Structure formats: structure tokens, C-alpha cells
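Positions annotated as repeat 'WD' by TrEMBL: 212-253, 254-287, 301-342, 428-469.
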Amino acid sequence: MGYSLSRLEIEPEVCDGEGNSFHEIGDNLRRPNKPLNCFDHEIAHLTNLKSRPNENLIRNVPGRGALPVSTVKMLASREGNYSGLGRFSSADCRHILSRYLPINGPWVVDQMSSRAYVSQFSADGSLFVASFQGSNIRIYDVDGGWKFKKNILARSLRWTITDTCLSPNQRSLVYASMSPIVHIVNIGSSSMESYANITEIHEGLDFSAYGDRGYAFGIFSIKYSTDGRELVAGSSDDSIYVYDLEANKLSLRISAHMSDVNTVCFADESGHLVYSGSDDTYCKVWDRRCFNTREKPAGVLVGHIEGITFIDSRGDGRYFISNGKDQAIKLWDIRKMSSNETSHCSSLSFRNYDWDYRWMDYHGRAQHLKHPNDQSVTTYRGHSVLRTLIRCYFSPEHSTGQKYIYTGSNDSWVYIYDLVTGALVAVLKYHRSTVRDCSWHPSYPMLVSSSWDGEVVKWEFSASGENKVPGMKTRVRRRHPN
């Protein structure tokens, strides 16, 4: 079950904006040795403004000046037209909705006999995609009551499905594995079972660069451009690839990092800036407009002392978060980036221990290490980033004003942090194995988590406070190989 600080028992809070030490307090969570509100930065003010009620409303309701304002008082103020608008503003709506966290449940969406690796809502929330190591990609009609829509059996799978991405028009889906061949499939057909080149065409796109035909590497991360004309991918050969879908050919390969490129994403809707994260511990910013003239990043950000597993953009072309194998999420402002990584010492240069996150626990001596040139805005700790490339995200802008960040964890829980204070506001406990991915609905207080236990479950805000798993399938106890 899940729980929230504002509704149930108080749990420890997490914030590390200045490299503060932490001490163990149980359940492997940590409390900072200083009060919250530990960073004063432009993003803190921007986030608060997105979900701050109208000033006239704050001044006129009983208990004036106190935040948050209760839903009842917000409704009463609207009826009294205290704001002078005659309606709720977008910030008013976010102020109300952001208080209703998706902590109740869970309700089982699906259960498979293999590990779940990827789970994502479509941009409008009408579809949900879940991908499993056993080659299944399952699509659900969210607006149709979570009705099963299509099962795609991945073609030429190597190890697992590492990433999937829906096209901007939601008509096609691209999927990748530990192979240079990426496949694209039409999801708009009426067929519920999609078998490669039997019931439907799974077109193979070869990302092998010009002279490297047959060279084996894997794709860890793949994203559609905002116009749907290109694919950008991060790979195990330290490179970023760009594939031109209209010309049906690879258009660019950049030797971007010194190790695996685990994650790529676009900075905003313009599609001009791309963020990348790698096992070399660096986050890099790339300008698409300069890809063909210079193969150097627009800037580099340092601060993690272990590899980066995932990056999510705030969507404003300025801020993003990264999940790291140093067991931390970091918040970044690209205006603090350096011109290149050579101006900073590598985190690996002062690390005096050998460690592999795939099968080892994080080294105790490393818990309090801090990069001497850390450029991040602040750091969030409490979750566990082990065994696989665990993902983290900003909460939706429409319903929460991106007030929270959330992440899966190797300890089988989902963690939700307050972006500004660093407080751990909710922990969702249900799964029996690593939660690699999770996704918050863009409009509703609903979050779906997927785990290596094979289950995909839905968390919601329930006014009745129900916590149950209806129609629970018989659990199959499984042992997974490393």
C-alpha cells in the first residue's frame, strides 16, 4: 500500500542541497541534519508560482496567508469571487489537485511471467504502454476503462526491451533492445496481436553507422523528435544516433561520451536541445542545430560520482533531473554548465573502490562522497538505484505544477519527493522486486508502477481511502536470473 505524509504517519524527509551528512533512521531512509527549505533558487519560486492560489483569495479566506489553502476554503472563495476572476485560475486548480496524491491502491492492471522494464502513459493519457523482458509490449486503452488494446511481440529481441516511444501522433511505436536494429510498428490497426511480419509489419531501422555494418551494440534510450520526423538514441557504444525517418536512413552518429549513453531526451517542445546521460557520470547538453557542423556538446554538467541511469526534462529548456547510480537524483540548471568536461576532474579519479551496481550493494564509504565540482542545484536521496537503469520524472504540469519528482527503486517501492523542500512526501509499497519504471497520468491523480515481479499496478487518489487490489490474480513466485 502507499502512504503520504499529509495523510498518514510522518516519514523521514530527504534533502541534500549542500552536501549534508545523513544518518540512518530505519527502512533505509535518511533524514538531513538541517531543516528543510534548503535551497533558494529560481526554480523554487517558479514551482511555487505554478500552484500558488490567487493573492486576493489568500488574503480573504479565513486563516489568511496560510498555505496550503484547504479545498473547502478554495471552493468557498470561488463562490464569493474573492479572486475577481469568477473562476479558478490554472494555479488555483493545481493548488487543489497537487494535494491529492495517487497513494491509494494498488489495483492490478496486468501480470506477466517476465520482468517489466518500461511503462509509460501517452502524452494525452489516453494510452498506456508496458514492455516486458519476455518480448511483450502491451498497450491499454486508458479512456476505455483500461481495456486491453494490443499485444506486440517484439522482433529480434536481445536480452530485453530497453525502451519504447510513441510517435507524437500516437499512431506508431518504436521499440529498442540490445541491438543496433530498432523496430517501428503501427499501433492504430484493429489487430489485437501484432506478430512481426506475420500479422503486421515491424519495420527494422538499422542504426549501424556507415562503416560499421554488423557491429554489435545496444540501444538503451530512444525518443521521437517533436515533429515525428527523426529518432534520437543513446547506445552502448558511447554514442548518440539520429535517424531520419523520412529518408529512412541513419543521418548522424556522435561519439558523445566515454561510456554507455544510458539516456537521451529533448529539452523542450522546440526539439533544438537534447540532454544525454552516461556511465561516465556526465550530463551533456547538445544543440541539434549544430549537430552537423560540430560534434561537441553545448555544455557539460558534473556532480554525479557514478553513472547516470535516466534524465527527465522539465520541458522548459532550462531544468532537468537525473537519476544516478550514486543513489541520488540531482536537479540541474543548464545555465550552470561548463564548456567541456576537461575543466573538471572525473568523479572516477577520486573513487578508490571497485563496484558494479548490477550485483553489488552500494559501498558504505561512498554514501557521503560529494563531487568537488558539483554543479547541480540540489540532490534528493532515499531511494535505491541498483541492478538496472531506474527512471525518475517530474510530476505532471497540468495537475501538480511539477511540484514533485518521483522514481522507482531497487527496494521495490516508488518514492515521491517535494521538488522545492526535498521532503519525501509519499512512498508506495506493494511490489516484490525492483521497480524500474513508473508513470504519472498527465491529468488525473493516477500513477502506474511496473516491476521485475511482472506486475503492472495502478495507484490513485481515493476519497474513500480504499486500499485494495480487486480481482487479484494468483501470484506466481518466480526466481529471476541475474
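In case you wondered, yes, glycine gets a Cβ from its N, Cα and C as well.
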Other than its close neighbours in sequence, what residues sit by the repeat 'WD' (301-342), given a CB gap under 8 Å and a spacing of at least six beyond its ends?
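Same-chain residues near the repeat 'WD' (301-342) but 6 or more away: 16, 41-43, 259-260, 262-270, 272-273, 275-285, 351, 355, 357, 362, 366-367, 369-371, 373-381, 383-386, 388-394, 397, 402, 405, 407, 417, 419.
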Excluding the flanking five residues on each side, which residues at least 6 beyond the ends of the repeat 'WD' (212-253) place their CB within less than 8 Å of a CB in that stretch?
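Here the qualifying positions are 158-159, 162-169, 174, 176-180, 182, 205-206, 259-266, 269-271, 274, 276-278, 280, 286, 291-292, 389.
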I'd like to know the mean pLDDT over the repeat 'WD' (254-287).
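Averaged over the repeat 'WD' (254-287), per-residue pLDDT gives 96.
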For the repeat 'WD' (301-342), how many residues does DSSP put in helix, in strand and in coil?
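Reading the DSSP string over the repeat 'WD' (301-342) gives 5 helix, 20 strand, 17 coil.
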Taking helix as H, G and I and strand as E and B in DSSP, count the residues of the repeat 'WD' (428-469) in helix, strand and coil.
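The repeat 'WD' (428-469) comes out at 0 helix, 20 strand, 22 coil.
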